[in-house]
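Here's the structure we're looking at; comments come further down.
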Amino acid sequence: METLKSNKARLEYLINDMHRERNDNDVLVMPSSFEDLWELYRGLANVRPALPVSDEYLAVQDAMLSDLNRQHVTDLKDLKPIKGDNIFVWQGDITTLKIDAIVNAANSRFLGCMQANHDCIDNIIHTKAGVQVRLDCAEIIRQQGRNEGVGKAKITRGYNLPAKYIIHTVGPQIRRLPVSKMNQDLLAKCYLSCLKLADQHSLNHVAFCCISTGVFAFPQDEAAEIAVRTVESYLKETNSTLKVVFNVFTDKDLQLYKEAFNRDAE
C-alpha cells in the first residue's frame, strides 16, 4: 500500500528502487532539491529496460505522477478552434491536455526514448505517463515480432496523463533534402493511421504533436502543410466527428500552422 505522503519522499523511494535494481556499485548521492531529484528519477526511468515492476513501485509512481500531472491540466473546452468547431491549433505542453488521446512521435524500437533526460516528445510523454507505457509498447513489439513500421499507429492507455490514451506513430526520418515523395506520403500516412485508429476506438478528440520535425529532421513548413491537408481531407471524406488539435511547442511552428490554415481559406 502506498503510504508515502510527499512527492519528494516518493521520488527518493523510486530512485532507490531503480538504483538497487541496476546492481550498480556506484554510491548513490541523493540530491536535496526536488528539481534535482526529478532529473535523477527521470534519467533512471528513461534508461530502464522494459522489465516488470513491483506493485509497490507502481503505487508510489502513480501517486506521484498523477499528483504532479493534475497540477497542470489544459482542458479542450478552453481552447478556441481555428476552423469550424472541430480543428484547433494550440501552443503548449501536450502532456497537460485533458483529451481522449494525444499522439506520440515514437521511434521504430517503440520503447520510448532511452536517452536519459532527452527533451524529445517521446521521452517526455513516457516519463509523465509512467513505466506502464513502455511495458505496453514492449508487449506490442513482442506480439508482432518486429520493430514498428513507419506510418503505422498503435494505441496504449495514457495511465497517469490527463489524456485517456496515447497513439504512437513512427514518422519518416529525413537524411537529405529535398524531401522525397515517398517520405511526404509516409508522413501523411502517420496522420491517417492515427485518425483511423482514433475513430476505430470511438474517440471524440485527438491531439497531434508535430510528427518527425524534431530529431527526424522533416522540414517544419512542409510537415505543417501535410498535417493540415491530410487531417482536413480525412475529416471531409469520412464525415468523422473527431475534434483534432494540432499541438505546437515553438513560435515558429505556431506561425507555420496559422499560415497553412490561412492559405487553405484563400
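Backbone N, Cα and C define each Cβ position, glycine as well.
In Swiss-Prot this protein carries:
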type: BINDING; residues: D93, I94, N107, C120, I121, D122, S212, T213, G214, F216; note: ADP-D-ribose binding site
type: BINDING; residues: C113, H118, C120; note: Zn(2+) binding site
type: DOMAIN; residues: 74-265; note: domain 'Macro'
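Neighbour list (D93 (ADP-D-ribose binding site), Cβ cut-off 8 Å, at least 6 residues apart, same chain): H72, T74, I124, F249. The CA atom of H118 (Zn(2+) binding site) is located 16 Å away from the CA atom of S212 (ADP-D-ribose binding site). Every protein chain shown contributes to the tally, and the Cβ of G214 (ADP-D-ribose binding site) ends up with 17 other Cβ atoms within 10 Å. Residue pair C113 (Zn(2+) binding site) / N107 (ADP-D-ribose binding site) shows a Cα separation of 8 Å. C120 (Zn(2+) binding site) and S212 (ADP-D-ribose binding site) are 11 Å apart (CA-CA, integer value). Other than C113, H118, C120, the residues of this chain whose Cβ falls within 8 Å of the Cβ centroid of the Zn(2+) site are, in sequence order, N46, Q115, D119, I121, D122, N123, I124, V215. A distance of 11 Å separates the Cα atom of N107 (ADP-D-ribose binding site) from that of C120 (Zn(2+) binding site). Residues near C120 (Zn(2+) binding site) in space but far in sequence (CB under 8 A, at least 6 apart, same chain), listed by position: A105, C113, G214, V215.
Within 10 Å of the C-beta of H118 (Zn(2+) binding site) there are 15 other C-beta atoms, taking all protein chains into account.
The maximum pairwise C-alpha distance among D93, I94, N107, C120, I121, D122, S212, T213, G214, F216, the residues recorded as binding ADP-D-ribose, is 20 Å.
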